[in-house]
Amino acid sequence: MDEREATEVETEEEEEEEEVKPEKWKKHYSSRHRILLVGEGDFSFSLCLARAFGSAQNLVATSLDSQGECTVLITRSKTFRFPSIAVVLSSMTGWIVCNVLSFGMVAHAEVIAKKYSNGIGNVRELEDRGCIVLFGVDAKAMSQHFFLKTQRFDRIVYNFPHVGFLYKEDSCLQIQLNKRLVKGFLANAKALVKKEGGEIHVSHKEGDPYDKWDLVKKAEKRGLVLGQAVPFSKDDYPGYANKRAHGKVPDASFPLGDCTTYKFMLKTSI
């Protein structure tokens, strides 16, 4: 390699270094983390992170859409690191897979629009910032999702898991259903979190009846350990709106009271 070629290589390396964006943090989350957000309501938590980072290219935001007839993976970003694809699951026809090249939203998330006043607007902004948005993702089975099972994440976040208000909040049936949800989520998150340095975050209300969910015990039984438990404050996430998601007023918020973010890790990672 002559002197001119060596100079050109050095210049290219310097340009690449200049293109590396500075790391930005929002509380526990870094712009360099690959983050999976589970059980998003109106996607306001995901959007809070995206705005703080200045980009959503490392975010995958998911929501459970149990009322729609199809689920859609949506991305319009030309710069996202993964191929832009759309996948439609019809209860009648099964999987239909098609490649798209940034043609925009493949289908409208009608359920999100009906349930949340800001849902569609938040989703569109996330897309524009480079986020992959997945509808119809069951937290209890997400490790088998066609896309998610190919990925590994630095952080997996589930804020205030809840099956919906089927019974009284302190009834045995309601508690058992919520415990089943948490158990299924933890088992699936374990399969998707990175072995080295990966963390699974669950933000959870404190006190009765939420203490009866046995969150930490459920995690330990699935090969996870509690690394840290820190107070959760909604004020740390500007724009985040916790939603009921179920019942007659899904767009309404619910009182949080004392809450904690539990950070779990794989036993092999400590």
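Just so you know, glycine gets a Cβ as well, placed from its N, Cα and C.
Under the heading compositional bias 'Acidic residues', TrEMBL lists 8-20. Residues or ranges marked as domain '25S rRNA (uridine-N(3))-methyltransferase BMT5-like' in TrEMBL: 36-71, 108-244. If you look up TrEMBL, you'll see 1-23 marked as region 'Disordered'.
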Could you give me three numbers for the domain '25S rRNA (uridine-N(3))-methyltransferase BMT5-like' (36-71), the DSSP helix, strand and coil residue counts?
10 helix, 10 strand, 16 coil
Helix, strand, coil: count each for the residues of the domain '25S rRNA (uridine-N(3))-methyltransferase BMT5-like' (108-244), based on DSSP.
57 helix, 26 strand, 54 coil
